[in-house]
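Take a look at the structure set out below.
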There are 2 protein chains.
Amino acid sequence: MDIYNFGKELIVEAGRFIETRMTQNFQIDSKSNPNDLVTDVDKETEQFLYARILERFPEHRIIGEEGHGENISDTDGVIWIVDPIDGTLNFVHQGENFAISIGVFIDGEPYCGLIYDCMKRDLYHAKYKSGAFLNESALHQAENVPLNQSLVAVNPKRILREATRDPFFEIMAKSRSVRSYGSAALEFAMLAKGQISALMFFKLHPWDYTGGSIITGELGYKTTDIYGKDLPLLSSTSVISGNPEIHSEIIGHFTEDKSLHEFHDAFHDL
Amino acid sequence: MDIYNFGKELIVEAGRFIETRMTQNFQIDSKSNPNDLVTDVDKETEQFLYARILERFPEHRIIGEEGHGENISDTDGVIWIVDPIDGTLNFVHQGENFAISIGVFIDGEPYCGLIYDCMKRDLYHAKYKSGAFLNESALHQAENVPLNQSLVAVNPKRILREATRDPFFEIMAKSRSVRSYGSAALEFAMLAKGQISALMFFKLHPWDYTGGSIITGELGYKTTDIYGKDLPLLSSTSVISGNPEIHSEIIGHFTEDKSLHEFHDAFHDL
């Protein structure tokens with residue numbers, strides 16, 4: 001079995017692991033701040049994925065939200081970028097609306113992307129240059145819909161800083177309406193289904209966006225940072241994703257703002 | 001059959017009507033602004049509900065989002081307050097995540113509340129002082145969780161005005177995280193399930209909130225305007241809903257702001 005098919009089976013298996021595990025007691029801790037939660041289930045699921053991948057492919061490397069691969073500084077060979085639970089707050093508060101997200105890269109080039117909506121049992125998947133699918137169904141190519149006819153996803157709490165407010169608010173005001181679902185992976189999945197037309201974040205990590213950017217990339221959606229540059233595999237950055245027309249319209253709101261750029265680069269340690 | 005049981009059967013029947021009707025072509029128009037959409041399906045579903053209610057209860061009166069009952073100026077007798085599709089933008093863009101919302105009042109007092117998530121086929125329902133249910137299951141009473149441990153729903157685009165920004169942003173910043181789903185009725189449903197702890201809107205209409213406020217009221221959640229006053233049945237207003245602790249915490253952010261109150265009262269023509 002190749003990496004893609006192995007990954008598809010693995011992510012569904014990990015989803016079943018979460019579904020079973022969440023019915024038992026689990027501990028909730030906080031990480032960087034009191035609202036950045038991590039549970040035993042996040043850690044155990046990452047360990048589950050880690051063990052299965054290395055059992056099958058001992059030479060592969062893995063970067064995970066819960067600590068694996070922190071020492072990786074180059075993109076040679078096969079790298080799995082894994083978020084065991086994207087949307088941990090939803091997992092804790094809602095018991096649904098979270099996903100496992102996986103992006104696989106070979107020598108720094110995208111190979112495949114996988115997002116599994118555990119509670120809906122929906123698998124979004126794409127192998128580079130081979131189309132994108134929801135379960136067995138091919139997803140449609142992106143349509144060029146402008147901002148003023150679009151639903152746009154954003155995390156409203158994360159853009160309230162003085163330095164970031166203005167461009168984000170201008171874009172939100174021009175949009176048809178704003179949504180916030182609390183899982184970047186599921187927002188990429190909604191983009192892939194055409195349910196929203198763009199998403200924008202001031203800060204995401206590679207495990208939040210690599211699965212989604214590969215899947216939506218197959219459908220013609222464009223994903224970059226606020227400058228329009230390709231996203232890194234080994235560090236956090238801002239993320240703008242959407243159909244080519246809305247992507248360019250959104251990026252246009254950021255390009256002129258030099259003080260934002262200084263803040264952005266310092267914030268992301270670029 | 002009493003009004004409550006009739007209403008429960010009717011709202012599910014109307015949900016089936018929408019599910020069938022949405023597979024055919026329908027026209028989309030705008031109302032007060034280009035983003036305030038209405039479709040043939042909204043209008044036909046309101047007409048469907050209107051005809052069924054009056055066929056059974058000719059003496060009842062009906063207020064609907066799509067124009068019924070605009071001449072009603074008192075709350076005597078039985079009044080049905082109906083939103084045929086709450087979340088029309090989701091209906092149009094997503095094909096899911098919308099609901100039918102119904103609140104029934106007798107001589108101005110709540111009688112029953114009904115919210116039907118059409119695509120999930122989930123019925124939230126409550127008869128005044130008789131508990132609240134999701135389908136056949138009793139829903140749990142509200143737990144007092146403070147803002148800093150809570151998910152809070154808000155419509156981010158609608159609070160960007162200078163006059164409203166500050167208190168809403170302060171509350172958002174203090175919350176654990178912010179969500180926006182694009183349907184007040186479904187946000188009340190998520191409150192009833194404990195998936196979010198509060199919702200706040202600068203402007204809703206009675207058809208947006210009466211079903212939800214009756215259902216969540218049965219579970220101990222409190223719903224008022226930003227001053228902490230009971231909501232009107234015949235005019236729009238601001239809406240804050242949550243468990244008693246978070247409700248009081250949120251209202252506290254609004255009480256001191258006199259310029260906001262002047263803006264609020266002029267905005268709602270109070």
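The backbone N, Cα and C atoms fix where each Cβ goes, glycine too.
All TrEMBL annotations are machine predictions without curation.
Quick look at what TrEMBL lists:
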type    : residues                                     : note
BINDING : B:Glu65, B:Asp83, B:Ile85, B:Asp86, B:Asp208 : Mg(2+) binding site
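Neighbour counts of Cβ atoms within 10 Å were compared for the binding-site residues B:Glu65, B:Asp208, and the top value is held by B:Asp208. B:Asp208 (Mg(2+) binding site) falls within a helical segment according to DSSP. B:Ile85 (Mg(2+) binding site) is surrounded by 29 other CB atoms, counting those within 10 A of its CB over all protein chains shown. Every protein chain considered, the tally of other Cβ atoms within 10 Å of the Cβ of B:Asp86 (Mg(2+) binding site) stands at 30. Secondary structure at B:Glu65 (Mg(2+) binding site), as computed by DSSP, is coil. Residues within less than 8 Å, Cβ to Cβ, of B:Asp83 (Mg(2+) binding site) and separated from it by at least 6 positions along the same chain comprise B:Gly64, B:Glu65, B:Ala99, B:Ile100, B:Ser101, B:Ile102, B:Ala185, B:Trp207, B:Asp208, B:Gly211.
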